[in-house]
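*Asks:* What Swiss-Prot shows for this protein is this:
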type	residues	note
MOD_RES	Met1	N-acetylmethionine
MOD_RES	Ser17	phosphoserine
MOD_RES	Ser19	phosphoserine
MOD_RES	Lys21	N6-acetyllysine
MOD_RES	Lys21	N6-succinyllysine
REGION	76-115	region 'Disordered'
COMPBIAS	76-90	compositional bias 'Low complexity'
MOD_RES	Ser79	phosphoserine
MOD_RES	Ser86	phosphoserine
COMPBIAS	91-101	compositional bias 'Basic and acidic residues'
MOD_RES	Ser102	phosphoserine
MOD_RES	Ser105	phosphoserine
Amino acid sequence: MRYVASYLLAALGGNSSPSAKDIKKILDSVGIEADDDRLNKVISELHGKNIEDVIAQGIGKLASVPAGGAVAVSAAPGSAAPAAGSAPAAAEEKKEEKKEESEESDDDMGFGLFD
């Protein structure tokens, strides 16, 4: 990620085609040593591509990754209709408890790092 960030920083700073030397200079400025193999891989993958298009594609891919922020929020207790009763509220609490347990097992966001 540090190589991609450095590449983007150089590209957004006006360097349309950052070299390994440019990226190493950025990384050295914050005390990070560069791995030449990874650095060359990032440069070869991003060389000649429009950075804005790459960012847009990345945002599209991230949109499909579950973030856990879409949890349903129940209405305030006083605003519920009187006919609703307490049975649906109890069912919601049970669902929320089950959901919390399953979220712990999904810490890898749907994909494993070492698969």
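Placement of Cβ uses the backbone N, Cα and C atoms for every residue, glycine included.
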*Asks:* My understanding is the cutoff is Cβ-Cβ under 8 Å with a sequence separation of 6 or more in the same chain; which residues meet that for Ser19 (phosphoserine)?
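*Replies:* The list for Ser19 (phosphoserine) reads Ile43, given in order along the sequence.
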*Asks:* Fill in the CA-CA distance, the residue listed as 'N6-acetyllysine' to the residue listed as 'N-acetylmethionine', as an integer in Å.
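*Replies:* That separation, Cα to Cα, works out to 17 Å.
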*Asks:* With DSSP assignments reduced to helix, strand and coil, which class does Lys21 (N6-acetyllysine) get?
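*Replies:* Assignment for Lys21 (N6-acetyllysine) reads helix.
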*Asks:* Give the residue from the modified residues Met1, Ser17, Lys21 that has the most other Cβ atoms within 10 Å of its Cβ, counting over every protein chain displayed.
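*Replies:* It comes out as Ser17.
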